[in-house]
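Input: a single structure, listed below in structure tokens.
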Amino acid sequence: MQKMAGLLGLRDECGEGTSGAPGLAGSCLADNRLNLDVYPDGCRRFLQLFKEQAGEVVQVEFLRLSSNDCLLDATLGSLPHLKHLKSLVLKGGHARDEFGSYQHGSLTSLPPDFGNLRRLTHLDLSFNRLSTLPSCILHLPSLCVLLVSHNSLVTLPEDFGCLSKLTFFSAMKNQLKHLPQSIGELLMLRDLDLSENALELLPEEVGNLHNCTELDLSGNRLSSIPDSLANLKSLRRLHLHSNLLVTVPASLASLPNLSRLDLQNNCLRAIPAEIQALPFVHVRGNPLGETEPSPQADKSSTRRLQRLFLASGEGSFTVTSEGCRVVLACGIHFYFPPGAASSPVRIYFRSLTPDPQWVKLRHHDVLLSRVLELQPHGVQFQQEVQIWMPYISPQTPHQNEVVVRTFSGQSWSDLRTRVKRKRKSKKCVAHCCVLHFSWFLVVSRLVQNECRVPVEGTLLFSSVDPNIKVIFPPGVTKEPRSVKLQVLPVSAEEIQEITANAGYRASPLLYLSQDSTVDFLKPVRIQLPLPPGVTGLNLDRSRLHILHGDLEGQTWNDITSEVVLELTHLYAVFEVTHFSWYWLWYTTKTYIGGIAKKVYERLRLYQVNFIALQRKKDPEQVLLQCVPKHKVDPVLKKLQDRYRGPEPSDMVEMFEGEQFFAAFERGISIDMDRPDCVDGRLSFIFYSHLKNMKEIYVTSPVDRKGQAVKGQVSFYRGAVPDSIPEDASRRRKGPDSLWLATLPIKLPQLKPRWDEHPGPLNGFSFPPLNLGNAETGYLTQANLLSIARRVGADWQSIGLNLGLTYQQIERIGYNNREDLNKQVLDMLFSWAQQNSEDPDSVSKLITAMKESGRQDIADEVEAIIELGRQKYSESIRRVGLEQESSTEDSAIAM
């Protein structure tokens, strides 16, 4: 194989083959293998070699080609000439689309004389575009292994059973609706994978597969399975989860070798007692115990599950033993199955801004949602409650996975999560099941592969890069332990950009962890792909470095001289006894640890810009936002119709979850009572996928009647996060190290406002009023006056969203046609007077502001209400203490 690759490389460099070199082709084909799917032009290389060295090529026994290759069709005609071929791989999935998904290959059929490959035993056509199975496959008498997963097969040939030597067949992820009866003739079949298809029925003949040890029928549409499955005496694992099963035959319990029966996520209301008694049966996600209404029952007597749609401002709902579905205004869904709550329970919820002090993200985690808090904390349900949480789609879906993370009060843990994209809205939703309530959020983490390592040893590989493998030999541990593997791909372009040196090459980053503090008893073998552009032929071993990093990536030690390093054409293999970060580098530098540390740190940083824009209709309304560099232009384009301001700041770098502040300077100030105001500065937390945006109403103590005020807003770093590297922390100390950027803010010359004239409300007279109540928070007349100052020309749309009619809006506009300020006051205070007794008036005002595009005012109202709640709670506690104190004094006096 290596010599063959050398021959191909030599041809590339010379421009033509070296056919004059005697014996060269024979030596390169000594092991009769050609792995050309690792080359982007593998088919071209094959055709060139077949043309120049046909006599040797036809002796090949193992051949791999990529079906993403544009010359695949031209190559297929040559394959039937390889009479000695035993294994052929024509897979797609070697390229990704713009969303990171694997691209299917272009293979739709095979040439008719493909059946002449009489010695072919292994055929892999996965990730292609086959809609029917090519008939020539049925003429392969020696075929033992056939993989056609991830295609578009609707049916299998009726005479599919003629493949009498088939031992392994995988048609996972197709569109199969039924199976031919002849499938029962595959008497040697041991593994059958038909998962994620559209099967509705199984033929009875499936029960004739007496040698079958594993049968995977999960993810289909089966409502029942035939009793003949009880004849599969060799069956060890039966996967039936995620179907529509309403019943399963009790005879399955008699299978002598069965060790796993997965019935999860079906429609089973009852399970035979014989199966329930099996210790290895899994039944979660079924409506067990629910009774189905009789067909003769009166329709009026059947109850539908209650649906609750909660509006913005509502913060609780009640769940009874009958169950319900709940939809929150923010898009979060709940499903409480009947019987989940044994007695009525009041559920309280709220959406919280993540606080890095307790929302601890791991390295390379990305936060995709706000924090959902559900109370009472720790309440236990009798059945699992399902939660659907919307989230912002991550930008690296191929190397990351989305999970729901929950806080137990002591630590965060990840829940088993399923994700989907809604068809109409295109929004992403994360789905999980829980038995208790606490805090929940959605994060994107590095794809995590895990396994249980038994005493006998096992193999673990990465689903991100299957070339990365960890081999655990027999006797590696006394007790079984769990091992997790994560991979961070690093492109050559990223390394070159960070180091400014094209000579550095590195493999993907590998992170290994385990649930035991004890090292392994025997060395564990790790296989890593060689860095891009490096092969076993052109490798200089002195330039290859294996780096071991600590858990935080703070130190990277070169362990090349400490391990036994084996090299193949494509991989480096070495052995370790403890787990952490491992990284393979190729460079002329002797000391590489410092460079690796710099690259690792930069991989965790985001390049961002700050923007400060003022509303065109109201320059005192300022929008501040921290935007990742690649999103700046789309954000500005979206805001340009309503806002104006200076160019974005220069680029700076920030960590996920890092705090920063915005300070208004040079004659500009803000309301210091805002909950997010710390020492006169606005507090922000940077999360790359969330909106790091606030709209602020600014004022100036300077007299603006004569001239405009030219001020500025400056951005500063907050406290150094605990998790950032030591070097980065050191650089952020000093008098000027916290400053990030400064942008100008200009307030125009001030026009006279209504609150500068005598009289209660510039000619309007209303009795004192308060919206809301003391417990939930008041909006006073002074608060409404402050809000009115900021409404401006949006007063008509706000009025309509508050419920005023068009006639009322027109009358207010006509009666105050010479004065915009009076129009705003008349609209707002007239509405407030009419709704002063309505307990939901404040939530209606917040909703109207949001629907009118004035999120800034909605945020201010919510801040005022939150501050009012806090003051009310403090006063209650203070009064309570005073009462206790006076009682104690009276007792002493007596």
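Placement of Cβ uses the backbone N, Cα and C atoms for every residue, glycine included.
Quick caveat, the model's predicted, so the values are computed rather than measured.
TrEMBL has this to say about the protein:
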| type | residues | note |
| --- | --- | --- |
| ACT_SITE | HIS436 | active site |
| ACT_SITE | SER438 | active site |
| ACT_SITE | HIS578 | active site |
| ACT_SITE | SER580 | active site |
| DOMAIN | 313-446 | domain 'ZU5' |
| DOMAIN | 447-588 | domain 'ZU5' |
| DOMAIN | 780-865 | domain 'Death' |
Checklist outcome for this item: When pLDDT is averaged across the domain 'ZU5' (313-446), the result is 86
Checklist entry - Mind checking how the domain 'ZU5' (313-446) divides into helix, strand and coil residues in DSSP? => result 0 helix, 71 strand, 63 coil
Checklist entry - What is the interatomic distance between the Cα atoms of SER438 (active site) and SER580 (active site), given in whole Å? => result 31
Next on the checklist: Treating G and I as helix alongside H, and B as strand alongside E, what does DSSP give for the domain 'Death' (780-865) in helix, strand and coil?
Outcome noted: 68 helix, 1 strand, 17 coil
Next on the checklist: Can you give me the Cα-Cα distance between HIS436 (active site) and HIS578 (active site) in Å, rounded to a whole number?
Outcome noted: 36
Next on the checklist: Return the residues near HIS578 (active site) by Cβ distance under 8 Å, restricted to its own chain and a separation of at least 6 in sequence.
Outcome noted: ASP519, PHE520
Checklist outcome for this item: For the domain 'ZU5' (447-588), the DSSP helix/strand/coil residue counts are 14 helix, 59 strand, 69 coil
Checklist entry - For SER580 (active site), which residues of its chain lie six or more apart in sequence with Cβ-Cβ distance below 8 Å? => result TYR511, LEU512, SER513, HIS548, GLY549, ASP550, LEU551
